[in-house]
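The GTP binding site annotation in Swiss-Prot covers Lys38, Gly39, Leu40, Val41, Lys42. The 5-phospho-alpha-D-ribose 1-diphosphate binding site feature in Swiss-Prot is assigned to Arg87, Arg112, Asp140, Pro141, Met142, Ile143, Ala144, Thr145, Gly146, Ser147, Thr148, Asp210. The annotation uracil binding site is assigned in Swiss-Prot to Ile204, Gly209, Asp210, Ala211 on the grounds of sequence analysis.
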Amino acid sequence: MIEDKRWKGVYSFEDSPFIMEILTQLRDKNTDSIEFRKGLVKLGRYMGYELTKTMEVEKVKVETPLEETEGIIVKDRRNVVIITVLRAAIPLMEGLIKVFEHARVGIVSAVRGKAPEFKIEMDYVKIPQIKPEDTVIVADPMIATGSTLTRVLGEVKKYGEPKRTIVLGVLAAPEGISKIKSEFPDVEIFVAKIDRELDHKGYILPGLGDAGDRAFGEPLKLSTLPQVHHIE
């Protein structure tokens, strides 16, 4: 885990060969949807494991079959709320749940419009109550312009003030990180890697393409369906 010196509280996992290997597979344009989804699940699980290293632990006594010894529990692991940004974050959440099995889950549907406005449409929000002892993890694979996540983070704040708020992603552009940190300076950001920049359409370069489309298939636009002529 490496803290990026350009911002406070921004970390990447570029020092993890295993996470970088999974990312390489996700970047490959020849990786099919099944393997892409599997890769996101793996990243969710292993980045979740890395997150536990930043959480509060408590020493406990435990009885083995032979004698008493000392162990620990990760206290914060039992007080987690995962916010899933549809649809690309579903596999990430699946991986995170394997680490934070007690987590409560919120769902947000947020769609980013086209350049240059990048207007955000949010039409579905289901978030549980957030308590002072909670760690909120907002999962979204791609932190591009930051417009979607700043809107989601603003919505999450309405449900309570947690102990920590974390944004967990696969890739981030510097532009998106700067936007989030300017509006929510206390939010921590953890990503597999910080990429170079955005293109004019707001896509991360070198990136991995549209994570939602690659994981679940490109959605069909109804206007492309052949017209059916009814004979009366």
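Glycine residues also receive a Cβ, built from the backbone N, Cα and C atoms like all the rest.
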Practice task
Quick one: pull the CA-CA distance for Gly39 (GTP binding site) versus Met142 (5-phospho-alpha-D-ribose 1-diphosphate binding site), whole Å only.
Solution key: 14
Exercise for the section: Please report how many Å separate the Cα atom of Asp210 (uracil binding site) from that of Met142 (5-phospho-alpha-D-ribose 1-diphosphate binding site), as a whole number. Expected result: 9
Fill in the blank from the handout: With the fewest other Cβ atoms within 10 Å, the residue among the binding-site residues Lys38, Lys42, Arg87 is Arg87
Exercise for the section: Can you tell me which binding-site residues out of Lys38, Leu40, Val41, Lys42, Ile204, Gly209 are within 10 A of Arg87 (5-phospho-alpha-D-ribose 1-diphosphate binding site) by Cα, answering none if there aren't any? Expected result: none
Fill in the blank from the handout: In the three-state DSSP scheme, Ala211 (uracil binding site) belongs to helix
Completion exercise
Here the Cα-Cα span from Gly209 (uracil binding site) to Met142 (5-phospho-alpha-D-ribose 1-diphosphate binding site), rounded to a whole number of angstrom, reaches 9
Problem - Shell list (GTP; ref centroid = CB of Lys38, Gly39, Leu40, Val41, Lys42; cutoff 8 A) - result: Ile22, Leu26, Glu35, Phe36, Arg37, Leu43, Gly44, Pro91, Gly95
Exercise for the section: Could you round the CA separation between Ala211 (uracil binding site) and Val41 (GTP binding site) to a whole angstrom and send it over? Expected result: 13
Fill in the blank from the handout: Running the binding-site residues Leu40, Lys42, Ile204 through a 10 angstrom C-alpha radius around Ala144 (5-phospho-alpha-D-ribose 1-diphosphate binding site) leaves Ile204
Exercise for the section: Taking the Cβ of Asp140 (5-phospho-alpha-D-ribose 1-diphosphate binding site) as the centre, count every other Cβ atom within 10 Å, in any protein chain shown. Expected result: 25
Practice task
Within the same chain, and leaving aside Ile204, Gly209, Asp210, Ala211, name every residue whose CB is within 8 angstroms of the centroid of the CB atoms belonging to the recorded uracil site, in sequence order.
Solution key: Ala88, Pro141, Met142, Leu171, Tyr203, Gly207, Leu208, Gly212, Asp213, Arg214
